[in-house]
Structure formats: structure tokens, C-alpha cells
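These come from TrEMBL:
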- 124-145: transmembrane segment (TRANSMEM)
- 151-172: transmembrane segment (TRANSMEM)
- 207-228: transmembrane segment (TRANSMEM)
- 253-278: transmembrane segment (TRANSMEM)
- 345-370: transmembrane segment (TRANSMEM)
- 390-415: transmembrane segment (TRANSMEM)
- 493-515: transmembrane segment (TRANSMEM)
- 527-547: transmembrane segment (TRANSMEM)
Amino acid sequence: MCPDRFLTFTDVQKKHRVDRSSWEYYRQFCKPGFNDPLKSASEILRHEDCPSFILPSRSFLKRCFPDLSIINGILALKNRTKFADGAGTTRDVTDLQEGVNGIHQILAMRTLGLKIFEDFVSSWHWILTGLFLAMISSLLFLWFLKYTAGTILWVFVFGVVIVTSYGIWICYREYDRLQSKPGTGDTFYEVGLHSDVGVYLQLRQTWLTFMIILCILEVCILLAILFLRKRIQIAVMLLKEGSRTIGYIPCSLLYPLVTFFLISICISYWIVIAIFLATSGKAVYKVLNVGTNCKYANETCDPQTFYSTNIRKECPGADCYFAFYGGKSIFYEHILIFQIFNAFVFLWLVNFSIALGQCTLAGAFASYYWTFHKPKDIRSYPLCASFGCALRYHTGSLAFGSLILTIVQILRVLLEYLKHKLKDSNSKSAKFILCCFQCCFWCLEKVLKFINRNAYIMIAIYGENFCTAARNAFKLIMRNVVRVAVLDKVTEFLLCMGKLLISTSIGVLGFLFFTKKLPLTPPTLNYYWVPLLMIIFGSYFIAHGFFSVYAMCVDTLFLCFCEDLERNDGSLEKPYYMSPELLHIMGKKQAKREA
């Protein structure tokens, strides 16, 4: 309960003999059990039995703060601009403003949070509808890739060629137009530096430079189309085959939920252990709220015996407050080592969960590729079978691969910690060396993730140990490095386009709906951007989850395709397992069995 009126302790003492109700109201804000209104005000304030005055207040986080408001541009407290402080002084309400400014900011944020929560409650079913549409759109996009992957890619490639050609023509036209104008033949060196970019656009050299750059780019694109045409066709066909594979194993699209669940458990484990470690020391209490002349200031104290000591007599207002967890024990002195070890285990478990997902998906998709009669001979429940196989036979290999990646990641974490410690250092050489190390380990982590991903695919196909699988996968990729580069870029482009298309389309629909541009009745909201942002980001992450499965499918099929080319020759003894479309592109023929 917070006070709702102005009262001072001295006023209550004066009224006590005549009107006891004032004291009964005032004592609610005194220490429990205190009932001596005749005690001198100095003693009461020294022992903190009661406040010297109370003001109209409101509750926030179980604390009372002055209920300030602005009336006609003037700061007021219950329609008053002045109040008595109980010590014979009349104060202005503005004296309270500085003390409660931070609280009012928190209150404003709390109000904003409540409004956002209200919007979420009012629109949650529409948010779920938007996310459901994003899921359906992602599935449709993957299905359409089976028919439109090549069309989308070639339209984009020729679109870039046309746009670049148009840019070359624009540059030539401007260069030709400026030839007849005086002063446009100056060089960049003669003009010097200018903040106005328009100055450079009046130079022939600028447009000549642009034209040369665009011509080089155009030639590179045309040469890439000429020499990489076959590899681009292979990449497109693998994308179509990936869409067909997921069509036969649709439950694979739900596997990211398993990975999300496992990572959630890992995060929960890490947080719980980190909190236990952080609070494992001895609770340290210190003497606070003391004057400048108190010799006990900031000294440690025991809350059990504090009130029986002389500290409160020598330092009025002093109290024993919790400061932090610490102590001199060997365990707590090395708490940082335990926290680093906890972070190491957390990263290891997360990487293992991701590796388990990649190996499971790779096993399911590889079982499709290495089936001769598709889809008739595909085994039942390929995803479940692959998951069981990964847990039963490949746990050690997955754990070892995850361990190598985790070591690099924990070193990156330690480097980030050192960077934080050296933030205020003046040693530029140390900062430069640290930055170089961070860059090197970032690159190393990216390389290891790429190697691990392909190693898990080889583990799923052949059941090899991690080192053998990583070596064989790396050699296989090096023998097909151009195909890998083309496939990666084509896949990355199409999936990036898909993510942007889905999240943007769902976002536009949501915007039109919440701004009443559609013939539907939206809920009444404080801020329509709350559900809109949730729908946009949710749509992007849903598309990312589906497309990550698709990317794993394409990578698996590619390694299977490369292995198929190297191990088989199309004879009756070694038939190709690839689709007829890939056989046609590669110019290969399958030996026909005699009836």
C-alpha cells in the first residue's frame, strides 16, 4: 500500500491527542509494531522508525514513488507544486523530479511493454496464421523448384547481362556527350578530393572508368556462361533432384524441430550450471548507508550479529547489505576456469546436436540416391532408420568432429574475452595481433564447418570414422572443385531469393491486413508493427529451417553423384544410380539388361 495524501510526522504528533485517525493512517508506513507517536522526532528519524513525511505515491515493483504529473505544463503532485518536508522547510515539487526521472522512464517502458503484450494477446491467432502461410509458401517454393529452378537461374543470369549491357551504353552515351563540353577532360588527380560527388560525374574519365569496369564484368559473365554452362546445368538438375527427394521423404522437413529441441536443452543446461557456479561462493555482506566519517564503511559484516554490535550507534543509518558472492576458497578463486569448462561443454553439445541432424538427414537422402529403382525400393521410414543408425554406429565420429570445432570456437571466445580486457589498453600492437588471431580463427571455423558437414555425409554413406571420412570428402571435393563452387553459389542464390520472397510477401500481406487495406477486420492494436515484425521474422526463420534441409539434401546428392561417376561406369556390373536427366547431361549411357 502506498500513501495517498500529504502528511509530516510533526503534524501527526500535534493532531494525535485530538484526532488519532491521522496516526493510525501514518503508522502503516512505520516499522511493524511501532506505536509511539509521542517519541521525539529526532529519535524516530535516527532509529528509522518512521519516515519524516509521506507524499501521494504509486506502487512500482513493490516500492512507492511520488505520483508526479504535468498539469498545464507545470510539474505537480496531487495538484500541488509545493510540500512540507517535515523539517520545517517548504520544498518545490521539482526537487523530486531528478530522483524519479529514472523511475518514470522505467514506468514508460513498462507501459510500452504492457501495450506490446496486449497487442500480442489480441493478434496471436493472426500471427500463427501468418506463420502457417509462411510454412505453406516454403513448401510450395521447394516444390516449384523442381520445375522452375533452371528458369529462375537463367532469367537472372541473362537479366544481369542485359542490365550490364545497358549500363555500358549509358556510360558511353555520357562519355560522348561530355566530349563537346570544355573542362570535362580533367583527370581525377587534377580535380582532387571533393565532397560533392556531382563534380566527378562531369568528368569524361569517370564515365570511361565505369564503362571499362562494366565491360570487364560483362566479358567475365559471358565467359562463365560459355565455359560453365554444363556445370550450371548439373547444379540445376541436382536442385530439381533435391526437390524430388524431399517429396519422397517429406518428414525430413520436420527434423529441424528435433535439432531445435536438443539445442534448447543444451541452452537450459548451460544457463542452470552457469548460475549455480556464479552463486556457489560465500555470500559477502558490507556496511552501507553510512556517513563520510564512519570507519566501518564498506567493511564486511554478518547480518546475524550486525544489530547487536555498536556499528549502528556509531554510524546512524548504517545497515548490513548483501554485496556479492565471493570468498577465499580454492574453488571460488578458480571459478573462471569452471565457467570456461561449462561453456566448452555447452558448445560441444550444441555442435553434436547439429552434427547428429546433418548425419541423419544425409543418411536418409543418400539412401534415396543409392536406390536403383526409385521410389519403389526406398526403405520404409528412411529418416527414423538413419537417426537410429547415427546414434548406434556414428556417435563417436560425430562427437570427435564436434570436439575439433568446439576447440576452435572456445579459442574464439577466449580471444573475445581478451579483446574486452584490452579495450582500455593503449597497446596498438597487441590489439592488432589480437585482431589477426580473431580473423584467422574465424576463417578456420568456417573451413572446419565445411569439412565437417561433408565428412558427416561420407560417414552416413560409408560408415567410416571421422578422419577417414573427412579425408575422402576433402579429396572428392578437390577433384570436383569447380562443380562444388558452381553448385554452392547456385543453391545459395536460389535459397536466398526464396527466403526474401517468402518473408517479404508474407510481410506485405500482414501490412495490408493490419493497416485495413484488405477486406478483413483486423484486431484493434496499439502498435500494428508488433505482430507484423513477429510475422516477418518468423516467416524468415521458418523458410530458413525448411531450406537448410533442402541445402543438406543437395549437398548429399552432389557427393553421391561424384562418387557415382568415379565408382561406376554404366555397365551391368557397375550401373549408374543417377537420374536419367543427369545421365543425359553428362553424356553417359546405362547398359541395358537383356530380357
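We count from 1, first residue shown onward.
Just so it is clear, glycine is given a Cβ too, placed from its N, Cα and C backbone atoms.
Across 124-145, 207-228, 253-278, 345-370, 390-415, stretch 124-145 shows the highest tally of CB pairs under 8 A with the transmembrane segment (527-547). Fewer than three CB pairs closer than 8 A are found between the transmembrane segment (493-515) and the transmembrane segment (207-228), and contact between the two stretches is not assigned (pairs 6 or more residues apart). Counting Cβ pairs under 8 Å to the transmembrane segment (207-228), the stretch among 124-145, 151-172, 253-278, 345-370 with the most such contacts is 151-172. Here the transmembrane segment (390-415) has long-range neighbours at 340, 343-344, 347-348, 351-352, 354-356, 359-360, 363, 434, 437-438, 441-442, 444-445, 448-449, 452, 455-456, 459-460, 463-466, 469-470, meaning same-chain residues at least 6 beyond its ends whose C-beta is under 8 angstroms from one of its own. Counting only same-chain residues 6+ beyond the ends of the transmembrane segment (124-145), those with a CB under 8 A from a CB of the stretch are 239-240, 242-243, 246-247, 253, 494, 498, 501-503, 505-506, 509-510, 513, 522-523, 531, 534-535, 538-539, 542-543, 546-547, 550.
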